[in-house]
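What follows is a single structure, and I will ask about it in a moment.
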Amino acid sequence: MFYREAGDFKTSYADDSQTFPIRFDRLRYYAVMAVAFGVIPFFINDYWANAVFVPFLIYAIAALGLNILTGYCGQVSLGTGGFMAVGAYAVYKLMTAFPDVSILIHVLLAGGITAMVGVLFGLPSLRIKGFYLAVATLAAQFFLVWLFNKVPWFYNYSASGQISAPERTILGQAVTGANTTAPAKYLFCLIILVALAWLARNLTRGTVGRKWMAIRDMDIAAEIIGVNPLTTKLSAFAISSFYIGVAGALFFAVYLGAAEVGEAFGIQKSFLILFMIIIGGLGSIFGSFAGAAFMVLMPVLLKNLLVGQLGWATDLAAHLELMIVGALIVIFLIAEPHGMAQLWRLAKEKLRLWPFPH
Amino acid sequence: MNQMNPEGYVTADGRKIGPVLMEMKNISLRFGGVKAITDISFDIREGEIRAIIGPNGAGKSSMLNVISGFYVPQDGEVWFRGYKRGPMKPYQVARLGIARTFQNIALFDGMSVLDNIMTGRLTLMKSGLFSQAMWWGKAEKEETEHREKVEKIIDFLEIQPIRKTPVGRLPYGLKKRVELARALAAEPKLLLLDEPMAGMNVEEKEDMCRFILDVNDEFGTTIALIEHDMGVVMDLSDRVVVMDYGKKIGDGTPDEVRSNPDVINAYLGVSHD
């Protein structure tokens with residue numbers, strides 16, 4: 001049932017560099033896609049969409065973005081929340097300024113704008129590394145949140161200081177605003193996520209990805225074999241910020257509907273997404289998904305277990321939930337510092353021989 | 001066998017040595033008050049194996065770093081393939097066709113052997129970001145083409161069984177070999193080897209010697225190497241530069257260098273009587 005390869009029987013290099021070289025993996029991938037596109041939209045309701053699926057899809061996009069920057073290119077960033085805010089405010093301004101243009105184009109443009117902002121804040125990475133770069137991106141986080149709070153133009157001078165998404169449709173279906181149905185939200189985010197994940201996989205398996213990883217593993221050696229550190233680091237910042245900007249735009253427009261910058265895109269968002277990629281696995285596309293699933297599902301599961309099954313008081317459960325999730329993160333990192341992607345790889349290695357180890 | 005002939009000559013074992021590929025003219029390099037290299041000139045000819053030797057701290061590695069663009073010398077000129085080279089970043093030097101290995105291995109530990117060697121071909125791969133992202137046409141075709149070249153190098157250096165292994169898991173000797181493979185993958189005009197045999201046992205050293213000779217023979221790559229093992233240097237190289245305290249004290253064939261009194265003094269010490 002779980003079959004793995006017994007040897008290398010590929011006859012062309014193109015076969016060897018496929019995403020899923022093993023047929024079983026490929027079939028499983030098609031099965032997941034079929035369920036995601038063909039089954040879930042018919043059963044999804046508002047609770048599942050808002051509590052589980054939509055946040056998972058959006059956080060997976062953000063985690064992919066941060067994983068490109070931190071996991072593949074080795075540049076630590078704590079500015080994720082700020083960059084998501086850029087995406088959110090960009091899509092808000094675009095939606096209100098050009099109501100006739102498709103929301104899909106707005107979301108992509110918001111990603112593009114975030115990419116430019118990301119490059120700007122990525123410039124210090126040419127001089128500083130590691131913790132120092134983390135602090136520099138932390139400055140971006142606080143500056144951007146402050147900017148969107150202080151300059152009324154960004155929230156169209158609304159009295160509350162909030163931004164709220166007007167209704168926009170794709171093919172007659174509302175995807176933002178109050179009348180959006182759960183399947184529409186879900187499918188809109190899912191399509192964008194699948195497209196972006198596919199692009200990320202392609203980027204990371206080719207020349208661009210090797211340049212990023214070369215810079216991550218040893219920047220001096222990377223330079224000596226002809227990698228331009230300037231363009232490589234900035235391309236990582238640009239592409240990563242594009243993903244994070246798209247995630248921010250969706251988070252605001254599709255998921256929240258209305259947002260206040262400090263609350264929705266504060267520093268805790270940056271840490272949340274950093275935790276996702278650390279738990280999921282740095283430098284792994286699958287890890288981004290696994291980490292996002294873990295961080296989104298864990299609180300929901302715990303809440304259902306503690307409040308729903310054991311009947312505890314909600315406030316008590318809420319506090320315990322934080323402690324348990326925190327403890328789980330620590331335990332996880334001690335047990336497998338390379339994240340869930342590594343666990344998955346190990347499991348596959350084991351399955352190669354299981355159940356007949358000789 | 002006229003080694004002064006500018007057009008080149010043929011060695012005793014029948015290898016063709018071409019005209020001058022790289023020329024260092026009056027190079028001086030200082031770090032603050034420390035003079036690492038003082039007024040050194042020498043040339044490297046096409047197709048030859050050129051060794052730079054000297055006691056510890058003689059400035060050999062600094063010299064290699066000047067050639068590969070890490071250090072910019074305060075004085076002197078570097079001529080490569082008939083052009084004077086201005087101050088350049090290391091990645092620009094790499095694009096000129098100069099590849100190197102490091103004394104303490106500088107591989108990308110998180111990547112597989114295959115990916116490490118593929119990075120060596122980055123300067124030769126041209127497909128753009130969007131083509132890469134889509135993985136259509138050019139990017140995929142290019143990947144396959146370069147993979148074929150890389151597989152040849154993998155065969156050549158006999159590292160087929162480890163091509164999918166992460167480099168971090170390999171033993172030292174193999175890492176050195178992978179690093180050589182990565183440098184070779186760039187199809188360099190000039191290959192710089194910084195102590196390719198440091199820390200190896202006799203068997204590994206013999207393998208490495210064989211590979212260096214084969215590379216020179218089969219690809220016609222010009223090689224400049226730093227090495228401490230005198231036996232190796234004298235056997236491998238066509239010409240040797242000897243440095244001591246940042247100065248050049250000898251230059252010539254292994255036999256000439258061996259009988260040079262300054263070189264003997266530097267290595268064996270001189271009696272003061």
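Glycine is treated like the rest: Cβ placed from N, Cα and C.
From TrEMBL, here are the annotated features:
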type	residues	note
TRANSMEM	A:27-44	transmembrane segment
TRANSMEM	A:50-69	transmembrane segment
TRANSMEM	A:76-95	transmembrane segment
TRANSMEM	A:101-123	transmembrane segment
TRANSMEM	A:130-148	transmembrane segment
TRANSMEM	A:236-259	transmembrane segment
TRANSMEM	A:271-296	transmembrane segment
TRANSMEM	A:316-335	transmembrane segment
Compare A:27-44, A:101-123, A:130-148 by their Cβ pairs under 8 Å to the transmembrane segment (A:76-95) and return the stretch that comes out on top.
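Comparing A:27-44, A:101-123, A:130-148 against the transmembrane segment (A:76-95), the winner is A:130-148.
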Which sequence positions outside the transmembrane segment (A:236-259), separated from its termini by at least 6 residues, show Cβ-Cβ distances below 8 Å to it?
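Residues 50, 54-55, 57-59, 61-62, 64-66, 68-69, 72-73, 75, 77, 80, 83-88, 90-92, 95, 103, 106-108, 110-119, 121-122, 125, 162-165, 168, 175-178, 180, 185, 188-189, 192, 196, 200, 203, 212, 215, 265, 273 contact the transmembrane segment (A:236-259) from elsewhere in the chain.
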Can you tell me which parts of the same chain pack against the transmembrane segment (A:101-123), counting only residues 6+ beyond its ends and a CB-CB cutoff under 8 A?
75, 79, 83, 86-88, 90-91, 94-95, 136-137, 140, 144, 168-170, 175-176, 192, 233-234, 236-246, 248-250, 253
